[in-house]
Amino acid sequence: MRKTFFSKISFMLIAILLMWLKTYAVYKTSFHIKIDNLTQEFILFINPLSFLLLIFGLSLFLKGKNRNRYIIAMSCLVTFVLLANMVFYRFYNDFLTIPVLFQTSNMGDLGSSIGTLLEPTDLLLAVDIAVLIWLHIRQKAFQSDIPSTKNERAAYFLFVASVYFFNLGLSEAERPQLLTRSFDREMLVKNISLFNFHIYDGVLQSKQSAQRALADSNSLTEIENYVTANAKDANKRLFGAAKGRNVILVSLESTQSFVINEKLNGEEITPFLNDFIKQSYNFNNVYHQTGQGKTSDSEFIVDNSLYPLGRGAVFFTNAGNQYMAAPEILKNSGYYSAVLHANNKSFWNRDLMYDSFGYDSFFDINSYDVTDENSVGWGLKDKEFFEQSSELMKNLPQPFYSRLITLTNHFPFDLDEEDQLIDEYDSNSQTLNKYFPTVRYQDEALKRFIEKLKEDGLYDNSVIVLYGDHYGISENHNEAMGQFLGKEITPFEEVQLQKVPLVIHIPGITDKKPQTIETVGGQIDIRPTLMNLLGIDTKDQIQFGNDLLSDEKLDFTVLRDGSFITDQVVYTDGACYDKETGKPLEETKQCEAFADKAKQELSLSDEIIYGDLLRFYDQKRLDNSSKRKEKQMLDQAS
């Protein structure tokens, strides 16, 4: 008796159903996907179906046992994709992208972080696979070796296409121009599924890879015009206030502003920093702007005054580009440049990217004495790191531009008992609980570092810049964070938690006349601010930041996810909030006035990176200079 089509595909349908339900369960339990109405919930529920129907449906072209084996193999592969995204999301609050997958040189260093992020319940992801294997081996009813016909396959894939276009049409009606919002990965996953997002991400990757080949010097014109029109005059009174001094940048790992001037159980969390900012320029309204590249993104932003990419890390995707980074600019003023970081040189592709930035030296893990006794978590403890770095810095040619990158205050925030100077917090989040002791330890290490600079004679002739690189506590811990701060963590408050410390200390100047600067800004403004203090004119440079000390600086900054902040409003997740009250605004005109600027800045910066446009900049300046001289000669002749 001829078997019906449904009996032929019964094993496949069971696999699709199990994977569909599993994916929806992962959506609801592992990802924080905001749902506003029943339509969005329905879209979230059905969106995995078209992909699963397609990928499992390819088994219809196979015969016999190979069909079931393919289905089981695909179940394993799709499950791995789910698990990889779950683990990545637990720390980064984001979904994997293709550029992130190329960061394989980072994997060996993740060690304890990945172990901490895995949970026993993750084993439940294998239940459906076990069921399929059992059915394949034990149940003959699911071992059909009768091939499907051409008509059956045609009807099946026509149904798959109809499901896909129904999903896409519903999503477009709910969120118009959905596929133009490539920066909003949560929105894409919510509407087209995690799996279709990865396919879309692959298309984007191919498109962006072609941008460099198609770019030419004319591509820079719009960018130059925008940068020139939006550049603000620097603070003339402070221009050159730190001229000729050494620059010591300290990247404070995972340090957010909420710990500054805050206490835990009656004890200050950052006693040294609390005192240090009273002798410095303290910028209390500055936000980190990093994307998936985290610490490497912060380095990129600070050195280049460009935005990081929305997908992956620039340090991996575009390390071979030509840049106009701070080390290269300062080289013209006689500066020697160096990075000091007790980690592997290949981590975040730093060895290659630092060459592109123009750094003279990179002191990596091989420059340090690292032992089991002086290490914890991700590597060398901060106190040891600063102690050994000070010795290395004494031998640098002066003036120098240096960056020191700390490690101890890194997830999962491990700390030896003898280094614990403050008790852990008590909440349901072990991550937040352990965060405070590592921040306190980092603060103590900073105190010792400043003392060492004074002992070594490097303090008086330096400008010291301390900045937080990115968040340490993700929104996965908002319940515990709300408990600590004593308020609900709304989307507005979540943006406020992206504030990071920025402290500029100039001995002999800021200690005599300290300031608290409340101008809204981001890490992108650090380079222009620093260059002005050093007396370096950057009018000819392409940069999106402005001097934070300037009275003309616009109170505005945009985060990599498209959120933006002004002195009046905060925009995030499609909603506009009053900056003072944190309440949503019914009238969104105040946000609309800045929305285009936010999108344009991110887009233009992306064009520079993907097109490697700065390779044309020096030649373009020479061409423009020649044209000006030619015009002057013609004017004189006439």
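Glycine is treated like the rest: Cβ placed from N, Cα and C.
Swiss-Prot assigns Lys28 and Glu152 to opposite sides of the membrane.
Per Swiss-Prot, the candidate among Thr295, Thr510, Thr516 that belongs to the Mn(2+) site alongside Glu253, Asp469, His470 is Thr295. Ranking 5-25, 42-62, 117-137, 154-174 by CB pairs under 8 A with the transmembrane segment (71-91) puts 117-137 at the top. Stretch with the largest number of CB pairs closer than 8 A to the transmembrane segment (42-62), among 5-25, 117-137, 154-174: 154-174. Here Asp469 (Mn(2+) binding site) comes close to Ser251, Leu252, Glu253, Ser254, Thr255, His288, Thr290, Lys294, Thr295, Ser298, Glu299, Ile405, Val500: these same-chain residues lie at least six apart in sequence, with C-beta atoms under 8 angstroms from its C-beta. Remote same-chain partners of the transmembrane segment (154-174), defined as residues 6 or more beyond its termini with a Cβ less than 8 Å from a stretch Cβ, comprise 9, 39-40, 42-43, 46-47, 49-50, 53-54, 57, 60, 148, 191-193. Around the Cβ of Thr295 (Mn(2+) binding site), a 10 Å sphere holds 24 further Cβ atoms from the protein chains shown. With DSSP states grouped into helix (H, G, I), strand (E, B) and coil, the topological domain 'Cytoplasmic' (63-70) comes out at 6 helix, 0 strand, 2 coil. In the three-state DSSP scheme, His470 (Mn(2+) binding site) falls into the coil class. Across the topological domain 'Extracellular' (26-41), DSSP classifies residues as 9 helix, 0 strand, 7 coil.
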